[in-house]
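Student: Handing you a structure now.
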Amino acid sequence: MKPGATGESDLAEVLPQHKFDSKSLEAYLNQHLSGFGAEREATLTIAQYRAGKSNPTFYLQKGFQTYVLRKKPPGSLLPKAHQIDREFKVQKALFSIGFPVPKPILYCSDTSVIGTEFYIMEHVQGRIFRDLTIPGVSPAERSALYVAIVETLAQLHSLNIQSLQLEGYGIGAGYCKRQVSTWTKQYQAAAHQDIPAMQQLSEWLMKNLPDNDNEENLIHGDFRLDNIIFHPKECRVIAVLDWELSTIGHPLSDLAHFSLFYFWPRTVPMINQGSYSEENSGIPSMEELISIYCRCRGINSSLPNWNFFLALSYFKMAGIAQGVYSRYLLGNNSSEDSFLFANIVQPLAETGLQLSKRTFSTVLPQIDTAGQLFVQTRKGQEVLIKVKHFMKQHILPAEKEVTEFYVQNENSVDKWGKPLVIDKLKEMAKAEGLWNLFLPAVSGLSQVDYALIAEETGKCFFAPDVFNCQAPDTGNMEILHLYGSEEQKKQWLEPLLQGNITSCFCMTEPDVASSDATNIECSIQREEDSYVINGKKWWSSGAGNPKCKIAIVLGRTQNTSLSRHKQHSMILVPMNTPGVEIIRPLSVFGYTDNFHGGHFEIHFNQVRVPATNLILGEGRGFEISQGRLGPGRIHHCMRTVGLAERALQIMCERATQRIAFKKKLYAHEVVAHWIAESRIAIEKIRLLTLKAAHSMDTLGSAGAKKEIAMIKVAAPRAVSKIVDWAIQVCGGAGVSQDYPLANMYAITRVLRLADGPDEVHLSAIATMELRDQAKRLTAKI
């Protein structure tokens, strides 16, 4: 039953085989349903819900009064099926104690009224999701919705049968044995062909009944996503529907039934349920849901018979599918797709058999969070573990090979390309789900989660690229995700997310002080249905990559009537557009930074692109920049923390290996102090950066402005000093190609200029601090 779904798409005209005497119904309700006849002039309208046809369900409206009617289906029925009197009884009991169900109003056993028994309940308005992926909501909301479902199930299973006055609602102990027996008989009565897997599964279930087959709880029997109505705006369950299969039995049967989608065979469509994939961000793992359920019920999360309940659930689903097809053959099933059920009985039974042979650990792995001020999400913890393992097993061992490729191709046409090992590593990372981790809407990770991952990837110069988390692509993908049109996303964001192309960002200019972004002179002028771009850019990172296909350009769409912060816009410029001229690569302390596609000077000479390439709108450039730079600065700073950890490791290794003046280097007090100061500095900037990430998670970019500015100053300064000490400890080797320290120093020193020089951030911090102090002073006065 699906009452309460918003919109008219869930309703249709009453099917011919389900039509009944509406006048007879109206006369009965006028007599027996209080308030129904209050609006005498109003006409009774009846529509049928497209879903919920096992027991046909109808939407009734008379004036301002709305109700839901549920009845038995017509025709020959399987024994003990479609007992709507039980539905009414259990809903009445649950409603009386405040459990979320539609209010049951009236039950009619007189079959002369509309041809079968029926009952009336209230119409509940809310959200019903039929797709397991719950599209259209954020990963955080999707996760919260799933948690709410499991908490509601735990609440149901915690109810006392006696207090509900439902003694006798079920037979008692031995539920699992009865289920195997009942569904075996139901299947055999409806079978249209011999399916050995059903017989084998039935026999296995009967031989492997759980020892505790004496639990007696109220269970739903068909607990799934589309039997839930959520609050229109909140992640809260306001009604559980379809109590046709409810009884007294073992609670784990409900939990297993809800968990079916984790193992659903790929060859079988989940009719009206969408499709589940481990990549569906925000959907908790099965172990997480079990942990929540068990915690709510106060029971141990180790479930020794979990494979039995999963196998039983698939056995029941196969039996139900066979019953649906049987009714189709008899002409009693109104569902348009009921004929499809003939082909899914066997794969469901085979899946049940496979699960019967598996052993499950339903307990979540314990991850030590002691001492963490900024706690990760469970998914963040799991991904971080996988990233650390991937770094250790695959990325760091490839560092020498990647470095040698660029040394050998320094003067070659291939110097802007990537060694083959990078493509192999990318394929491996994508296969393990370690892809696009920086984008919360795609990865389902928080800023704190990704900050700690960024620290790990900062330990190797090419690691971010392996996970498709390399600047400037990350910032450009964030721009397109947050501000791009659907057309822009399809054309550019999707291939960027797949890693098929790369991009560059063109903001800084050689002829103006770009630390004041309002100085930007590159012009973007509207001409009919196009924009024409003219200007010079430099430090356009990534432009030398052969896969770089698109640039995001910041320029002036001047309107003197607007403030100076609303005179700039961002526009998409394909790199092969006539007039785009790549002038030269710029070196950084002598490095051309080949791996990252270099840093280029680019000229735009009468470059014409469609007006649809403008992002968000004219004058929105700085607004977009702030959205782009906030997360990017956190990523940069946490990568420098990882870089600092690597530099400190090198420093300590060298200090323990080398002897000078008859003692190890670490025994010299100055070196020991460098080591100590390095550890102190790393811990300080890590905490400050994690605080900024936490502020972004909780307050957004605007609320984290001060913290982001502080880390942008503190992290590069501190890490530059740490790398400098490491170089000093390593001596001449520290500035050679035998160590990554010289490159590390170049990277960290540049960060004191990139994304705004220290002095600009310091001025901003001072302004914000003075404003905050003034507010406190005013409050005291």
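The chain as shown is numbered from 1 upward.
Placed from the backbone N, Cα and C atoms, the Cβ positions cover glycine too.
The feature FAD binding site is assigned by Swiss-Prot to 505-515, 539-541, Arg658, 728-732, 757-759. As annotated by Swiss-Prot, substrate binding site applies to Ser515, Gly630, Pro631, Gly632, Arg633, Gly756, with the evidence given as similarity to another entry. Per Swiss-Prot, N6-acetyllysine is recorded for Lys177. Swiss-Prot lists Tyr325 with the feature phosphotyrosine. Summarising the annotation, Swiss-Prot assigns N6-succinyllysine to Lys392.
Describe the structural surroundings of these features, if you would.
Tutor: Sequence-distant contacts (6 or more apart, same chain, Cβ under 8 Å) of Ser515 (substrate binding site) comprise Gly756, Pro757, Glu759, Val760.
All protein chains included, Gly632 (substrate binding site) registers 21 other Cβ atoms within 10 Å of its own Cβ.
There are 14 other Cβ atoms within 10 Å of the Cβ belonging to Lys177 (N6-acetyllysine).
When secondary structure is read from DSSP and collapsed to three states, Tyr325 (phosphotyrosine) falls in the helix class.
In sequence order, no residues are near Lys392 (N6-succinyllysine), counting only same-chain partners six or more apart with C-beta under 8 A.
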Student: Near Asp758 (FAD binding site), which residues of its own chain have a C-beta under 8 A away, given they sit six or more steps off in sequence?
Tutor: Lys712, Val713, Pro716, Arg717, Arg752
Student: Once the chains shown are all counted, how many other Cβ atoms turn up within 10 Å of the Cβ of Asp511 (FAD binding site)?
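Tutor: Excluding its own Cβ, Asp511 (FAD binding site) sees 11 Cβ atoms within 10 Å.
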Student: In angstrom units, rounded to an integer, how far apart are the Cα atoms of Thr508 (FAD binding site) and Gly632 (substrate binding site)?
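Tutor: On Cα coordinates alone, these residues lie 16 Å apart.
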Student: Indicate the candidate from Gly630, Pro631, Gly731 with the smallest number of other Cβ atoms within 10 Å of its Cβ, considering only these binding-site residues.
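Tutor: Lowest Cβ count within 10 Å among the binding-site residues (Gly630, Pro631, Gly731) is Gly731.
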Student: Other Cβ atoms within 10 Å is the metric here; tell me which of the recorded positions Tyr325, Phe505 scores highest.
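Tutor: Answer by Cβ density within 10 Å: Phe505.
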Student: Around Arg633 (substrate binding site), which residues of its chain at least 6 apart sit with Cβ under 8 Å of its Cβ?
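Tutor: For Arg633 (substrate binding site), the qualifying residues are Ala692, Ile708, Ile711, Lys712, Asp755.
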Student: List the same-chain residues at least 6 positions away in sequence whose Cβ sits under 8 Å from the Cβ of Ser514 (FAD binding site), in sequence order, or say none.
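Tutor: Those within reach of Ser514 (FAD binding site), by Cβ under 8 Å and sequence separation of 6 or more, are Met507, Thr508, Ile520.
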Student: Applying a 10 Å Cβ distance cut-off over all chains shown, what neighbour count does Ser540 (FAD binding site) have?
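Tutor: A 10 Å sphere around the Cβ of Ser540 (FAD binding site) contains 26 other Cβ atoms.
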